[in-house]
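**Student:** So Swiss-Prot says this about it:
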type	residues	note
BINDING	Lys11, Lys12, Ser98, Phe99, Lys100, Gln160	substrate binding site
BINDING	Ser67, Ser68, Met69, Thr70, Ser98, Asn126, Lys192, Thr222, Ala289, Ala290	FMN binding site
BINDING	Glu161	Mg(2+) binding site
Amino acid sequence: MGIEPNILENKKRHIEICLNKNDVKGGCNFLKFIKLKHNALSDFNFSEISLKEEIFGYNINMPVFISSMTGGGKQGNDFNKSLVKIANYLKIPIGLGSFKLLFKYPEYIRDFSLKRYAYDIPLFANIGAVQIVEFGISRIAEMIKRLEVDAIVTHLNAGQELMNVNGDRNFKGIKESIAKLADFLSVPLIVKETGFGISPNDVKELLKLGVSYIDLAGSGGTNWVLVEGIRSNNLNVASCFSDWGIPSIFTLLGIDDSLKANVFASGGYETGMDIAKGIALGAKLIGVAAVVLRAFYNSGEDAVLSLFSDYEHVLKMSMFLSGSKSLSELRKNKYFLSSYLLAELGVFKQFYET
């Protein structure tokens, strides 16, 4: 039995829509209002700079991961397989698209079982928080075991679901299910948003629930309400949420330093300088997605490799010019904020911090 054509068409349409950045970009991520401090007396060899990080028992080559995007159908599967091979070559982590459809079409499990291509890197499976409630802890855990992944990402995408006429509406029980799954699993659990961000208080609550890592996935990147609005020809509603959400840097600046080792940042990080700023603010890793998707579909695998080569070069230059030999040194107060961002941050803290 093949996957229902409408499911495959929706996935294909999502990719097509996301290829046009200007149509689906949500708000501002405020990265342009952060500057790294220049150090004119960096007294070491550029070759001494290390971008290496350790995560889930793997040594990775830079603090960047390819975030979960799509899965299912030939187009999505070919895309994932290519990216997993690229990620393994680069020695960076990668997440796969949601494996929700495997509960209806278990015969397609090999399309999601890509650890054979990711033997040197962490590979993340992905499922919606609502599906934990729907399918139950034991079935989710069994599927993760069969997929042989190093961690699972569970995504919070209420905005996208509410914009989708056939999307989920009942989110009751997701916090309890996340806590139970975190306790039950033998692999780390990562919770991520999908473009609207996670507040400092929600970060604290998720960590108390037993979550290993949190991907903020803040506003300023792909806005999935806009994606669904375009797909369903209902921008009258979707456009009302074009600037909804919390930029990841607001949360990074709003949480205690002690929590940042458990936090990833994503949401509109497109350049090596964006990545450098996110790391300087304390993020453990930076996630990239749409920028990789566009490079791949517009110009192929070589364009993705070129993108990451640029990331490496810019990140190393930023570290040298700020006097940082290592990522830990870059995280030591090597930035300053514009007056505009300070004002915006003050408003944010007034309403989001207790």
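Positions of Cβ are set from backbone N, Cα and C atoms, glycine also.
The structure displayed is predicted, hence computed values, not measured ones.
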**Student:** Between Lys100 (substrate binding site) and Met69 (FMN binding site), what C-alpha distance do you get in Å?
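**Tutor:** Between the alpha carbons of Lys100 (substrate binding site) and Met69 (FMN binding site) there are 13 Å.
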**Student:** Within 10 Å of its Cβ, which one of these binding-site residues (Ser67, Ser98, Gln160) has the largest number of other Cβ atoms?
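**Tutor:** When each Cβ's neighbours within 10 Å are tallied, Ser67 tops the list.
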**Student:** Hey, of the binding-site residues listed (Lys11, Lys12, Lys100, Lys192), which one tops the CB count within 10 A?
**Tutor:** Lys192
**Student:** Write down the Cα-Cα distance for Ala289 (FMN binding site) and Gln160 (substrate binding site), rounded and given in Å.
**Tutor:** 17
**Student:** Please state whether DSSP places Gln160 (substrate binding site) in a helix, a strand or coil.
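**Tutor:** Once the DSSP labels are grouped into three classes, Gln160 (substrate binding site) ends up as helix.
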**Student:** List the binding-site residues among Lys12, Ser98, Phe99, Glu161 whose C-alpha is within 10 Å of the C-alpha of Met69 (FMN binding site), in sequence order, or say none.
**Tutor:** Ser98
**Student:** To the nearest Å, how far is the Cα of Lys12 (substrate binding site) from the Cα of Glu161 (Mg(2+) binding site)?
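**Tutor:** Here the two Cα atoms lie 17 Å apart.
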**Student:** Which chain-mates of Ala289 (FMN binding site) that are at least 6 residues away have a CB under 8 A from its CB, listed by sequence?
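**Tutor:** Spatial neighbours, sequence-distant, of Ala289 (FMN binding site): Ile66, Ser67, Ser68, Met69, Gly221, Thr222, Ser266.
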